[in-house]
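S.K.: I'd like to ask you about the structure that follows.
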Amino acid sequence: MKGLRRRPLRLCALILTIAALVLIVVFVPKKSEYLWGFDYVRSSYNWAAQPKAHPVASPIPLPSAAPLSLPKVQYAFPEVASPDREAVLAQRRDKIKGAFVKSWDNYKQYAWKWDEIQPVTGLGKDTLGGWRATLVDSLDTLWIMDLREDFYEAVAATVTIDFASTSVASCNFFEVTIRHLGGLLAAYDLSKERALLEKAIELGEMLYMAFDTPTQMPPFLLNLADAKRGYLTAGTFDPSAAVTSFGVEFTRLSQITGDNRYYDAQARLAILLDDWQNKTSIPGLWPVHLNMRTLRLDADNFYSIGAMGDSLYEYFPKVHAMLGGVEPVYEKLYRQSMDAVVKHLMFRPMTRDQQDILFCGTNYATTGDTVRSPTSAMEHLTCFAGGMFALGSKLFDIPEHLAYAEKLTKGCVWAYNSTRTGIAPEKFTLVPCATLQRCEWSESRWFEEGNATLPYGFKSVQDPRYLLRPEAIESVFFMYRITGDESYQEMAWEMYEAIVKVAEAEFGFSTIDDVTVQSVTLADAQESFWLSETLKYFYLIFASPDLISLDEYILNTEAHPLLRPTRSQ
């Protein structure tokens, strides 16, 4: 009987001991060091010391040539606006800054240790591993909007993040690169706070593990346990943008630290993309999904510069500028891919007033087939294309690309203006013209192919949501900064007022379930890019053009401004 009584006691003692250990691990604060003016907490796993199963024998070094004198990107703005105009711009900046402050203050009060705040309920949630995505993503916006006290409070919290402690088994290599690494590097470039660079190096070491695969190409999801064991493999059907959009961030990290490994990863990717470019079923383009495990072009025959493919193309002119124009492969990749985009993805919609606008759809082709006409399926994500064509037109001196940029940008503005809310839906299909030239409006054709409950020219709406996305205002911003045309500021203001009118919630601004109806429903989600991208672009379009000049900075695909090299550096 005594033995039977002792067992429960021993079991209880064991349970209490385990519980105590858990409490210690979870609640006892990690040891911090006072470094560079902050209480700095190093990540609990040292990825720099992790042996590599597939090390790169001879990393390709950063180019040693001095940066070229690249063409000027920004319009030659007058030094000051007229007093009346500046008063209007200042009022608009204040309102946009107020929306940011509302979003930030509520995140800080109710979701400080989470990735995001749910703006309707005020609850926090983790969507990217629990590394406080909104905190890191917002750092440079705080600096740009001159919210210095909030910035330094945010830096103090950022440098305590443990990138070895996460709520997920695998981190999203793409999202963590563009949001966290890009956010840290941009905040460092703006403030020169050394603690931010140190945290970026910690994160860079972890992200570099994604290349420890047999092909030395990254997977879409970085499984941290597999990385520690040397078991990582690249995927056979990974989104092309997700495994190719790290060049801006990795190149900048190499430039700042002198560590060539990061640039090497981008340089080897460029060699692969260059080799593949004219071997695909639509030469010039790459399919939306890639097989990085075998490096064979057998994963997909679907083509788009929208979801899952977008920033693959966006980064060609941006990496070109980040390298000071000394690597000619990026101009070649850009020119040939944009020629194919114009030929095989671009379309003109049929509109009642025959507006001179364009969109980019999708296409499908197998090797040996005749490439068909593009579909007229459009995504909000594709609205970034106007900004890409505008930047490329200047960096590579291609005037006709600026004309395409104008038509693509105004196409997305038209889509905004077409709905009852004044906001474009996430995914929609339009009635296309037969060519890129203007075509007559046909009411009967629209009734036959379209839907009378939708705006004129719309065939269908596959996803009516608005996710607080930045792509449309991104292109409007680029067009304003590159052309100096103030009409883009007016387009931007109409877009901003439409968004805040329907998206404002008690604790921030929310995703909208359906932009095609008058009475909207808030979906209780506010991704970090609302603060990092959308509000930043709205603010900058009304700010002095010298603030984050496109001749001094490259904005990564999360709108984080990274310093461009100059001949004087």
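The backbone N, Cα and C atoms fix where each Cβ goes, and this holds for glycine too.
Remember, TrEMBL labels are computer predictions, not curated facts.
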S.K.: Of the listed cysteines Cys360, Cys383, Cys439, which one does TrEMBL record as disulfide-linked to Cys412?
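M.R.: That record, TrEMBL, gives the partner as Cys383.
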S.K.: Between C-alpha atoms, which of these recorded positions comes nearest to Cys383 (disulfide bond): Glu426, Glu471, Thr557?
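M.R.: Nearest by Cα distance to Cys383 (disulfide bond): Glu471.
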S.K.: Quick one: Cα separation, Glu175 (active site, proton donor) versus Thr557 (Ca(2+) binding site), in Å?
M.R.: 10
S.K.: Please state whether DSSP places Glu426 (active site, proton donor) in a helix, a strand or coil.
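M.R.: SS state of Glu426 (active site, proton donor) = coil.
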S.K.: Can you figure out which of Asp310, Glu426, Glu471 (the active-site residues) comes closest in space to Cys412 (disulfide bond), comparing Cα atoms?
M.R.: Glu471
S.K.: Could you round the CA separation between Glu426 (active site, proton donor) and Thr557 (Ca(2+) binding site) to a whole angstrom and send it over?
M.R.: 18
S.K.: Counting other Cβ atoms within 10 Å, pick out the least crowded of the active-site residues Asp310, Glu426.
M.R.: Glu426
S.K.: In angstrom units, rounded to an integer, how far apart are the Cα atoms of Asp310 (active site) and Thr557 (Ca(2+) binding site)?
M.R.: 9
S.K.: Round to the nearest Å and give the CA-to-CA distance linking Thr557 (Ca(2+) binding site) with Glu471 (active site).
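M.R.: Cα to Cα, Thr557 (Ca(2+) binding site) and Glu471 (active site) are separated by 10 Å.
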